[in-house]
Amino acid sequence: MSPDSRTMKNLTLSSLRTFCAVAEAASFTAAASRVFRTQPSLSRQVAQLERELGVRLFDRQGRSLALTPAGEDLYRRASRVVGDAADLQTRARAFADGDRRALRVGANPLLYDRTMPDLLSAYGRRRRDVVVSLTAASAPVLQEQIEARKLDVAFTRFVSNDAIAAKRLFPMHLIAVVSETHRYAGRRKVEVEDLEEEPLLLLPREVGSRTLLDQACRDSGILLRNIRLECGVYNGLISLATAGHGVAVVLSMVDVVDPRARIIPIEHRGQRLGAWAAVIWNRQCALEQAAGAFIDLARRRLAADFPGKRFDLPPLAEPDGIG
């Protein structure tokens, strides 16, 4: 059942922003930390939204959330509304500041957390004439917003097609995180087949690292029989794995600082599993100077030092396409 369009006019921009944040994080706790609000306040606002619409927007499975069909329908609409509102605000601020240039930048949540703070500081020192607006969203949403020209550039996994141009930034290996006492702790690699019976700590479906794992499992006809937890909080998965409660499967750009943790690359049929982080933009649009400068800065800085570099993992195959 889709939300009734007559009800939509009673919604507020604040409630749609909250809903989108929770949908993208797949967790009230993770969403609360990103929007600097308390978890109970987000839960109440989403519950009120569900009452107003008369539909359930999320399936709640422990601490993990998944969108219902009605939730997916609302998310597609709400993300466009929220993105348009952010664009209007940025443009208005630019005019108020004396027609300063505006740059709309998107990133998936993990890349946002691990790369944006330093990049924005460096860019701001160089280009004080540019107002930067930020959007955090999933890879499919970022691609849609680039194609719809709602974002100028986005940081996500590599994709290159007739509509989207891309430049590679750094490799993101699929890794297993285990405790120092785990039977795999001394290995130099693990195959996907090695995970079939292991107690697994995984991100929700459709998140980048989970998508890579699921694709490899389908390719090999493997059924993961012991998924102990699905959770959108990277640090929570890593902490549980380090304490000996299972194998966390994440990307190498996560922050693993506990000395008891062991990092092992995952392979599929002898090939490293992973993806390339990339900066993407609309191929059909002329790249404005402000966006080009941001891309050049990102490529220089992230080539020298990128999240996960300290793990010193073997090379990852380069993606097909321009990059």
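Using N, Cα and C of the backbone, Cβ positions are placed for all residues, glycine too.
As annotated by TrEMBL, domain 'HTH lysR-type' applies to 11-68.
Looking only at the domain 'HTH lysR-type' (11-68), the predicted model's pLDDT averages out at 84.
Secondary structure by DSSP for the domain 'HTH lysR-type' (11-68): 36 helix, 8 strand, 14 coil.
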